[in-house]
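Asker: Heads up, here are the entries from Swiss-Prot:
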type	residues	note
BINDING	Lys27, Gly95, Arg123, Gln168, Arg336, Arg377	phosphoenolpyruvate binding site
BINDING	Lys27, Ser28, Arg32, Ser166, Ser167, Gln168, Ser192, Asp305, Lys332	3-phosphoshikimate binding site
ACT_SITE	Asp305	active site, proton acceptor
Amino acid sequence: MVWLRAPDRVVVHPSTVEGRVEAPPSKSYTHRMLFLALLARGRSVVRRPLVSNDTLATLNAVALLGGKPRLGRGVAEVEGGEVRGGAVVYAAGSGTTIRIAMGVAAHSAEATLLYGDESLNRRPVHPLSEALRSMGARVCDTGGNPPVKVSGPLRRASVEVDAAISSQFATSLLIAGSRLGEFELSAARLSSRGYVDITLESLSMFGVRVEREGYRLFRLRGTPKPVDAAVPGDYSSASFMLAAGAIAGRVEVEGLRPVDPQPDRRIVELLRSMGARVRVEGGVVAVESTGPLEPVDVDLDGSPDLAPVAAVLAAYARGVSRLRGLERLKYKESDRLSAIAWNLARLGVEARVRGGILEIRGGGVEGGVARSWGDHRIAMAMAVAGLGARRPVAVEGFSRVPDSYPGFLEDLARLGARVEAVKGGGV
């Protein structure tokens, strides 16, 4: 497996940005569509997939679990139909990969061992393990975390799961359950519901009939069929470029669906509420700075991946912002809540964590040295923070950015940002 690489250290100088970039393909859709292509009997064509380290981990898992993937320029083809166990699957830092792969691996009687890097092996899978066991799978995890060994078959077509920690538990069970022909999932305390909406849209795309009672009960009918479909643009990655426009100029991002279940589409509403000039026309979102931003009091429980960039926007607001609903950030690639507060303090911004609330006293960013803590979204958010700072911002540990947005630096430079990269190292 060849991983994408990026510099270890990046320095972002105060800059004015202007121009248009294309949104990267959605990471969430790419993961789901590749795994569903493995479960569909026949050849699927996934157009415009995201090629990042996280999705390469999924492509590798698909191959090890019995699919025959081929990655070309702007397209991924997968010959699916048979799930094969007996493999050792390395998911790198991708929680989506390992959790969906656990459910898929339970369709084989041969045991599959799944593990990740140090950060992934600290992320919980226990509720998913319990749900798969109740369906008849044999699951042995490590104190509730990876590494985890899974073997099937799945004998029961209905299950309950506690999805308070992560909606990925529900996503894994829905994708695995789609292979059974009929399946029913009861999800308790479902978090980040928009990501389950992405899963349901992906299932429908592959011909699975979906019925639901709110976000509590889901029923599936039919099995996945091969598709020829394209991946939509990613609001999560686009949020960084849109924030750059709100802080330091004017940015347009194309390739974003105006109507989309992605939770991070909320960035558009957030930027408007903070006083940035926002225009949405067709598949283009344009954001322009109007001066200092306005503080907000906002609950991000449904869109936790926006927290790093929302915190940076709050640093440029004139007043105190409160970002709520952030309790689950400690289960991300880093303890994301602590990492955000730590970095803002390093850059001269007053930030305080109170339970699941992050309070930020805005007024601008001084500059200094930030650290990614091994988290791609923290790295990108701190780079954006440097655009309007009083002096440069250096971001250490930038090499994780290709996990989700390999073209981030190139897009930032295309918009006119002054960026210095120190080569070397990798993911």
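Indices start at 1 and increase along the chain as displayed.
Glycine is no exception: its Cβ is also placed from the backbone N, Cα and C atoms.
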Asker: Around Arg336 (phosphoenolpyruvate binding site), how many other C-beta atoms are within 10 angstroms of its C-beta?
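Answerer: Around Arg336 (phosphoenolpyruvate binding site), other Cβ atoms within 10 Å: 24.
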Asker: Tell me, in order along the sequence, which recorded positions from Arg32, Ser167, Ser192, Asp305 have their CA within 10 Å of Arg377 (phosphoenolpyruvate binding site).
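Answerer: Those near Arg377 (phosphoenolpyruvate binding site) - Cα within 10 Å - are Asp305, in sequence order.
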Asker: Between any two of Lys27, Gly95, Arg123, Gln168, Arg336, Arg377, the residues recorded as binding phosphoenolpyruvate, what is the biggest Cα to Cα distance in Å?
Answerer: 19
Asker: Do any of Lys27, Gly95, Arg123, Arg336 (binding-site residues) have a CA within 10 A of Ser192 (3-phosphoshikimate binding site), and if so which?
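Answerer: Cα within 10 Å of Ser192 (3-phosphoshikimate binding site): none.
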Asker: Taking every protein chain in this structure into account, which of the binding-site residues Lys27, Arg32, Arg123 has the most other Cβ atoms within 10 Å of its Cβ?
Answerer: Arg32
Asker: Going by C-alpha distance, which of the binding-site residues Lys27, Gly95, Arg123, Arg336 is nearest to Ser167 (3-phosphoshikimate binding site)?
Answerer: Gly95
Asker: Return only the integer: C-alpha distance in Å from Gly95 (phosphoenolpyruvate binding site) to Asp305 (active site, proton acceptor).
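Answerer: Gly95 (phosphoenolpyruvate binding site) to Asp305 (active site, proton acceptor), Cα-Cα distance: 13 Å.
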